[in-house]
Amino acid sequence: MVGGAGLATSGLVVPAGAGAPPAITATSWLVADLDSGQVLGGCGPHEYGTPASVQKLLLAATMMPRLDPAQTVTVTAADMNIEPGSSAVGLVEGGRYTIETIWLGLLLNSGNEAANALARLGGGPDGAAGGVRAMNEQAHHLGALQTHAVTPSGLDGRGQFTSAYDLALIARACFAQPTFRRYALTDQATIPAQPAQRTKGFQIQNENQLIYRYPGALGGKTGFTDLARHTYVGAAERNGRRLVVTLLGAEPAPMRGWEQGAALLDWGFSLPRDAGVGRLVEPGELTATPSAAPSALAAPGPPRPAAASGPAGTGSGWLWSVVALSGAGVLALLGGLLWHRRRRLPGPIDNGPRHP
């Protein structure tokens, strides 16, 4: 099992003698040390889920080193092709923006048109499709073997999935980049006027409440679709120790996603520095040693109720059976089963638009 045998569970895994984690609604979660890579605890850390907009972190981990933030680029009609009612920052077709502005639109306001533009700009001759392919290559390099992107933004797509463990690997790669850390803590930014399109400039605000309400917050990313439910990645520093939390499949009551993340961060900081149940693999570790990669992936079985039935949602994990598949076959099966499984879940508690 990637990260250690202790992580091979659909239920709760915590260090011996640790206090109970907070009761939350997320179907899977993980807390890890950003610097050492020590995994402090989790619930179903290798369970498959759909990412929603936390997938934009994989886009950042992939494209931020490739793109010059000072370069000015033009937004295309294809960039603006997003699902009606989904999250947009307000870029306009034909508008000219710096890549830094587009990054801020992505990370502060979760702009799906910004995601399309960045994937296209970093995707080479194949444009956004090449960008998504690069995201999947980056996920594999990071050891995120349970992650497969179909859209750059995290808008739902058949065959798209991730896990709480993989999200921690991806977040670790993001927070290793100084530019990302600066953007993640930016509370406001300006989307400039576009005189040729007769649009005025406007201010945007960081939607991640952790940076305003949690001492030592380093930033992160929120996500939501009807299919994925609420997803969250957040990080914070306390007494020289930096922790990251990832969660999937959460409901917004009684605690919103970022509040569940904050509660798990508090729990993680309460543990001794040497406490752990596994580790985050290093970039390139699994690709350098093919035998270390798992020979089988878990495919979803019948769903259990989504509501938590005990501390940390220990009764809300999914049942999985092991299938020995490889390549495109496993992606197709996992994606189809996960899509079908999630489509069968009860309707959303809140009836807002699908903002990944």
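Just so it is clear, glycine is given a Cβ too, placed from its N, Cα and C backbone atoms.
The feature active site, acyl-ester intermediate is assigned by TrEMBL to Ser53. Within 10 Å of the Cβ of Ser53 (active site, acyl-ester intermediate) there are 30 other Cβ atoms, across all protein chains. Secondary structure from DSSP puts Ser53 (active site, acyl-ester intermediate) in a helix.
Counting Cβ atoms from all protein chains shown, Lys56 (active site, proton acceptor) has 29 others lying within 10 Å of its own Cβ. The active site, proton acceptor annotation in TrEMBL covers Lys56.
For Lys221 (substrate binding site), the same-chain residues lying six or more positions away in sequence with a CB closer than 8 A to its CB are Ser53, Val54, Lys56, Leu57, Leu107, Ser110, Asn208, Tyr232, Val233, Gly234. For Lys221, the entry in TrEMBL reads substrate binding site.
What TrEMBL records for 290-299 is compositional bias 'Low complexity'.
Marked as domain 'Peptidase S11 D-alanyl-D-alanine carboxypeptidase A N-terminal' by TrEMBL: 20-251.
Residues annotated as region 'Disordered' in TrEMBL: 290-311.
According to TrEMBL, the feature transmembrane segment maps to 318-339.
In the three-state DSSP classification, Lys221 (substrate binding site) falls within a strand. Summarising model confidence by region, the domain 'Peptidase S11 D-alanyl-D-alanine carboxypeptidase A N-terminal' (20-251) averages a pLDDT of 98.
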